[in-house]
């Protein structure tokens with residue numbers, strides 16, 4: 001019959017779920033190269049490959065067989081062929097633009113460990129989906145709000161969360177939609193560079209975000225009395241501002257966020273928070289033209305920059321700070337520690353903090369390949385994001401559990417059954 005690929009689940013899985021990969025029908029101790037390929041919606045190709053040797057029985061199970069040196073990774077890595085996917089175009093990050101269609105993963109088995117690989121022995125295709133059956137995707141155009149609401153299957157109301165991304169703008173939906181698969185009503189909220197919203201991030205008004213909070217609080221499918229916030233990077237920093245000034249927020253999770261306002265003036269009623277200063281001379285550019293911007297921002301504890309520190313001590317919610325300790329975008333760990341000190345200095349409960357030693361800036365849902373460097377909208381050139389691929393992947397898996405457990409505990413009153421594995 002010849003070799004064949006066995007996948008479990010066989011045809012389709014959710015993007016954040018593990019996928020078991022095995023090859024059967026090989027010769028005893030046969031050497032093979034496995035390659036995965038995936039194209040994003042703009043046609044850009046991502047690939048990973050690994051070298052293996054089958055067992056004496058001609059079976060190759062990635063859950064039991066370590067990859068040999070010479071490929072994209074080595075060692076026992078059952079999901080390595082997914083987290084090690086790398087763009088063939090430089091500085092390209094894998095994002096999902098249309099959550100209603102799956103990514104198509106192509107898996108090929110080649111003879112030997114040559115480069116280029118030998119003869120094709122077997123192949124398979126697999127769909128990596130974002131929407132669980134029954135999850136409803138509802139575009140929201142109410143008042144000024146530009147957003148998409150994801151509602152889980154079944155009868156609500158469900159605990160509600162607003163999900164924010166960073167300076168890339170637009171309306172990324174993939175994290176919100178994956179989170180809705182677990183029983184949360186999640187609103188992916190755009191705040192600039194989308195439809196009729198401002199094209200540039202010069203000035204942000206919290207009244208816009210307040211409208212989104214009120215939309216969720218009044219929604220029949222959203223369980224009160226408060227909602228959760230989830231944000232990464234600039235989106236995380238906006239979540240801290242929302243929690244500090246707006247009512248109705250119970251739990252806030254921020255991933256690699258700043259505790260100072262960055263990049264645009266922030267206004268709310270008669271309050272103005274200026275953006276944190278910085279110095280472009282502190283940006284280091286390497287021979288490839290990639291910038292390291294981690295030292296560019298000023299210290300928000302010093303001089304006039306103190307006015308940029310968000311008054312998070314006004315917040316009445318619980319906080320979870322998720323920190324990649326190798327974040328090269330900005331000093332996420334420093335920000336989280338200073339935010340924690342400030343909360344405690346004002347008699348507030350100490351926030352939860354989870355730090356991942358070799359994780360970079362873009363801590364995404366599980367199995368998104370780590371993006372080492374890509375274009376930064378505000379800097380106008382590629383920047384390095386930090387992180388080591390394997391450790392970063394493990395951080396994403398753990399952080400995803402931490403986020404869900406935190407929201408379960410504070411929005412549903414359920415004890416969290418997960419403890420940090422790292």
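Note: Cβ is positioned from N, Cα and C throughout, glycine not excepted.
Curation plays no part in TrEMBL annotations; they are all automatic predictions.
Copied over from TrEMBL, here are the features:
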ACT_SITE  233  active site, charge relay system
ACT_SITE  327  active site, charge relay system
ACT_SITE  361  active site, charge relay system
DOMAIN    205-412  domain 'BAAT/Acyl-CoA thioester hydrolase C-terminal'
As a whole number of Å, the Cα atom of residue 327 (active site, charge relay system) is distant from the Cα atom of residue 233 (active site, charge relay system) by 10
Pop the mean pLDDT for the domain 'BAAT/Acyl-CoA thioester hydrolase C-terminal' (205-412) in here, whole number is fine. 97
List the residues of the same chain that sit at least 6 positions away from residue 233 (active site, charge relay system) in sequence and have their Cβ under 8 Å from its Cβ, in sequence order, or write 'none'. 165, 166, 167, 255, 256, 257, 329, 361, 362
